[in-house]
Amino acid sequence: MDSIFILTGAGISAESGLGTFRDKGGLWTRYDLSRVATPEGFRADPALVHDFYNMRRKNCLDAAPNAAHAALARLERDHPGEVTLVTQNVDDLHERAGSTGVIHMHGELRRALCAACGHRWPAPERMLPEEACPSCGRPATRPDIVWFGEMPYRMDEILERLARATLFVVIGSSGEVYPAAGFVDEAAAQGIPTLEINLEPSGRRGLFDRGLYGPATEVVPRWVAESLRD
Ligand code: APR
């Protein structure tokens, strides 16, 4: 059975107004990631970190899925085989476009996590450092986001699905952050055909069998239409 494994990155949500991390004007060119996206940064200044994710959560709520998100939801619906959608993104635009079973390996803006007991619950639009965990009552709540130096979520499941893929596709990622950036090596080592879809060739272009370049809202719907025709 055909099994398409898709990994998406910030580039797929760029045209929904959520920007990326490493492009010109990207988040990491404007914010110090060691202060807002590490456990150490959170311990040092939880209010600063909450403000950062409250801003991103508001932007996400104000954004809408675009044609690339919609095309992947269509592929999941109409492709006779299996479609696995893993995202590095913490926004919920894939789900709002209709995708189901999305694996958020870096967490989700719309969820809160208790750093003391591990309880998870739907995040309010604005999270506050003093907010108590609804389960253990301790004021140790954090955004349910995987920070640098922390293990991404559901890695066993991701690698299991990758192992049975017949096509591996990356959409809108610079390929600079591991372990996600290493999935293409894994796919190539298992002889799985690989495709990169991006605004321009990424630094890992040489590892892909094929590349399609341009804005995701133009290239992804075209690739999905082509895939469903075949
Ligand atoms: N269409 C397609 N691709 C685009 C578009 C677009 N409209 N705009 C930008 N891109 C591409 C850029 O060329 C770049 O290669 O998207 C990529 C975005 O790269 P990054 O900003 O590095 O984002 P990403 O790869 O998702 O980052 C990985 O790093 O900061 C951490 O945890 C964070 O999940 C994130 C991870």
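Including glycine, each Cβ sits where the backbone N, Cα and C put it.
TrEMBL labels come from automatic prediction, so no person has curated them.
What TrEMBL annotates here:
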| type | residues | note |
| --- | --- | --- |
| ACT_SITE | H106 | active site, proton acceptor |
| BINDING | 9-28, 88-91, 172-174, 198-200, A216 | NAD(+) binding site |
| BINDING | Y53, R56 | substrate binding site |
| BINDING | C114, C117, C133, C136 | Zn(2+) binding site |
| DOMAIN | 1-230 | domain 'Deacetylase sirtuin-type' |
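Everything TrEMBL records as a feature, shown here on the structure.
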{"residue": "G9", "record": "NAD(+) binding site", "Cβ neighbours (10 Å)": "27"}
{"residue": "S13", "record": "NAD(+) binding site", "Cβ neighbours (10 Å)": "27"}
{"residue": "G17", "record": "NAD(+) binding site", "Cβ neighbours (10 Å)": "12"}
{"residue": "F21", "record": "NAD(+) binding site", "Cβ neighbours (10 Å)": "20"}
{"residue": "G25", "record": "NAD(+) binding site", "Cβ neighbours (10 Å)": "8"}
{"residue": "R56", "record": "substrate binding site", "Cβ neighbours (10 Å)": "19"}
{"residue": "Q88", "record": "NAD(+) binding site", "Cβ neighbours (10 Å)": "22"}
{"residue": "H106", "record": "active site, proton acceptor", "Cβ neighbours (10 Å)": "20"}
{"residue": "C136", "record": "Zn(2+) binding site", "Cβ neighbours (10 Å)": "12"}
{"residue": "L199", "record": "NAD(+) binding site", "Cβ neighbours (10 Å)": "16"}
Given F21, Q88, H106, C133, C136, L199 as the recorded positions, which ones have a Cβ positioned under 6 Å from some atom of ligand 1?
F21, Q88, H106, L199
Restricting to the same chain and to sequence separations of six or more, state which residues have a Cβ under 8 Å from that of G172 (NAD(+) binding site).
T8, G9, A10, G11, I12, S13, A14, T20, A68, I197, N198, L199, A216
Let me make sure I understand the structure: which of the binding-site residues listed (C114, C117) has the fewest other Cβ atoms within 10 A of its Cβ?
C117
Have a look around C133 (Zn(2+) binding site) and count the other CB atoms within 10 A of its CB, chains all included.
20
Have a look at the binding-site residues G25, Y53, Q88, C117, C133 and say which one has the shortest Cα distance to H106 (active site, proton acceptor).
Q88
Determine, for the Zn(2+) site, the additional residues of the same chain whose CB lies within 8 Å of the mean position of the CB atoms of C114, C117, C133, C136; present them in sequence order.
A115, A116, G118, H119, P134, S135, G137, R138, A140, T141
For the domain 'Deacetylase sirtuin-type' (1-230), mean pLDDT (0 to 100):
97
Pairwise CA distance, Q88 (NAD(+) binding site) versus R56 (substrate binding site), rounded so that it is a whole Å:
15
To the nearest whole angstrom, state the Cα distance for the pair C114 (Zn(2+) binding site) and G25 (NAD(+) binding site).
32
For C136 (Zn(2+) binding site), the closest of the binding-site residues by C-alpha position, picking from G17, F21, G25, Y53, R56, is Y53
The binding-site residues listed are G17, F21, G25; by CA-CA distance, the one closest to C117 (Zn(2+) binding site) is F21
Quick one: of the binding-site residues Y53, R56, C133, which has its CA closest to the CA of G25 (NAD(+) binding site)?
R56
